[in-house]
Amino acid sequence: MSVMTSLQARDRLDDNRGGELKATTTVLLILATIFVALRFWARSYTAGRYGKDDWMMVVALVVVFALGAINHAEIAHGLGRHVDTLPTGDVITFFKCLLAHECIYITAVLFVKLSVLQMYLRIFGFASRGFKIAAIIIAGANIAWWISIFAVCIFQCNPIRKAWLPWVEGTCINLKASFIGNAIPNILTDVVMLCMPLRQVLKMRLPLAQKLSVCFTFLLGGFVLFASIYRFTTLMQFDTRDTTWTLATACTWCVVEGACGVIGGCLPILRPLMLKVSHQFGNLTSGEAAQSGDKSLPPEVVTIGRAEDMALREERELQGLKKQGGNCKPPTAIITSTSLSKETGPRAPGSKNEFLPSAGTRATVQNDMGITIQQTGLKKENGSVA
């Protein structure tokens, strides 16, 4: 019996999860890259300009790739294997990588969240001053979280080198408690940020079906919250006596969480592209375009950008159709969250904003997500356009 127990113990010591950890890391990095590429394609396809949130998401993707590279280095030096089977050199290198892993992970999370908050401001910032203030407060909380956790990571041991040389004399903080303290504020801000856009969407004067569709798009980004919570549960398995084995899942799920954050942050931006593609596919399958002699232009689904660029594009399309002898109708007015690209009526004289609809005219407002809102020009008491 003792021989069997000894053999089983030896088999457990020889366990190696490196293959599955590498595969998980690589697949998530590829998926994150695909979604960022689709995000930029959606921007260019809908004639919108790239915004700060787009470039910040690129930075987040680069940091997530750095996190993935560190995770691969950790796997090469023992992550997913029992520490008793590793040579001393691998153990030292692993702990150095682990220190870098902690710092890069929180940096990736920070940039993902700042990008998402910037996107929220582009989509909803015009609607409420309170929403802007809330977004700034959440951004400040995330930056403060990053600074504090970064300092804890660097100075977790005294002397600092004890973090990768455990046998050196000195003291270290409770690493498990540190990981848990890192995760809880991260999860709380995830919950708050997931709820922020839902309230704004529900306040909009939209058909119920469209509200539910937009809310669902934002909720799809909630799987990063699931990743955060699951990573938190894996931290409970951490044991300092076998760090390379007990932290294997948690370290890899740091990459999963970062990649899921990038993917979730891109989904709302892809909605206009999905609507446009589904609309065109529906026209092809129904054959309505072939049966109808009306060649009027459908409303464009746009992302944020210069309204003038959209107007010039529409004008060129109209001129091209007129040369073909088609029966053209003026396109529906398209605006961003702050400006009109085309009007359905004449501009009001003396209007402060030349892109606001004139009194008595209606315009179709579409923001970054293709959310359509009807806006009517209003009159002040003196007769000017509000």
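Glycine is no exception: its Cβ is also placed from the backbone N, Cα and C atoms.
Per TrEMBL, these features apply:
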type: TRANSMEM; residues: 23-42; note: transmembrane segment
type: DOMAIN; residues: 38-274; note: domain 'Rhodopsin'
type: TRANSMEM; residues: 54-73; note: transmembrane segment
type: TRANSMEM; residues: 93-112; note: transmembrane segment
type: TRANSMEM; residues: 133-157; note: transmembrane segment
type: TRANSMEM; residues: 208-233; note: transmembrane segment
type: TRANSMEM; residues: 245-270; note: transmembrane segment
type: REGION; residues: 332-358; note: region 'Disordered'
Original post:
For the transmembrane segment (93-112), which partner among 23-42, 54-73, 133-157, 208-233, 245-270 gives the most CB pairs under 8 Å?
Top reply: 54-73
Subject >> Sequence-remote partners of the transmembrane segment (54-73) [C-beta within less than 8 Å, at least six residues beyond its ends] >> reply: 21-22, 25-26, 28-29, 32-33, 36, 39-40, 43, 79, 93, 97, 100-101, 104-105, 107-108, 111-112, 114-115, 118, 251-252, 254-255, 258-259, 261-262, 265-266, 269
Subject >> Beyond the flanks of the transmembrane segment (23-42) by 6 or more, those residues with Cβ under 8 Å of it >> reply: 50, 54, 57-58, 61, 64-65, 68, 71-72, 75, 252, 255-256, 258-260, 262-263, 266-267, 269-270, 272-273, 303
Subject >> Across the domain 'Rhodopsin' (38-274), average pLDDT on the 0 to 100 scale >> reply: 90
